[in-house]
Amino acid sequence: MVRAISDGIVISPIKNGTVIDHITPGEGLTVLRILGIRDGTNVTVIVASNVPSSRGGRKDMVKIENRELLKDEVDKIALVAPDATISIIRNFKVSVKKPVEVPKQIIGVIKCPNPNCITNTKEPVQSRFVVHPRGFRCQYCDSLISCEMDIGDYI
């Protein structure tokens, strides 16, 4: 079963699984890495990169057959694609659709860029970041991962 969407792009629907839509252009492969999806997986994965968005501009999109995302996976995706939407598909129909939300505090997900931070030493301390107007700030050493940096490099 294949359907064409208005701009001429043909994308196969999935029977059951998850669609991650409105991913920041160029971050689709980062989303796959966050989800641990690698070459050789036996799961059907569809990636559309830099396609026109109904909201205007461009987007990436990922479809994953027979998998529903966990909350911590959605939280990680929100860091690289804050405007993304997650749709749960059941029997070819959208069962649940909701936007991702960037958590106010991110614990144990982001690696601090400061090599001297207590979270990067041999101490058993999880990283802890808070959302800052210019990016994400480490609560231990005050290092900033700015909006200009690629947050995907620190996940």
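The backbone N, Cα and C atoms fix where each Cβ goes, glycine too.
Going by Swiss-Prot, these are the annotated features:
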BINDING   Cys112, Cys117, Cys138, Cys141  Zn(2+) binding site
Env. residues of Zn(2+) site, Cβ within 8 Å of mean position of Cys112, Cys117, Cys138, Cys141 Cβ: Pro113, Asn114, Asn116, Ile118, Thr119, Asn120, Ser127, Tyr140, Asp142, Ser143
For Cys112 (Zn(2+) binding site): intrachain residues, at least 6 apart, with Cβ closer than 8 Å: Thr119, Asn120, Ser127, Phe129, Cys138, Tyr140, Cys141, Ser143, Tyr154
In the chain carrying Cys117 (Zn(2+) binding site), residues 6 or more apart in sequence that have Cβ under 8 angstroms from it: Ser127, Cys138, Tyr140, Cys141, Ser143
Densest Cβ neighbourhood among Cys138, Cys141 (binding-site residues), 10 Å radius: Cys138
DSSP state at Cys138 (Zn(2+) binding site), helix/strand/coil: strand
Structural state of Cys112 (Zn(2+) binding site), classified by DSSP into three states: coil
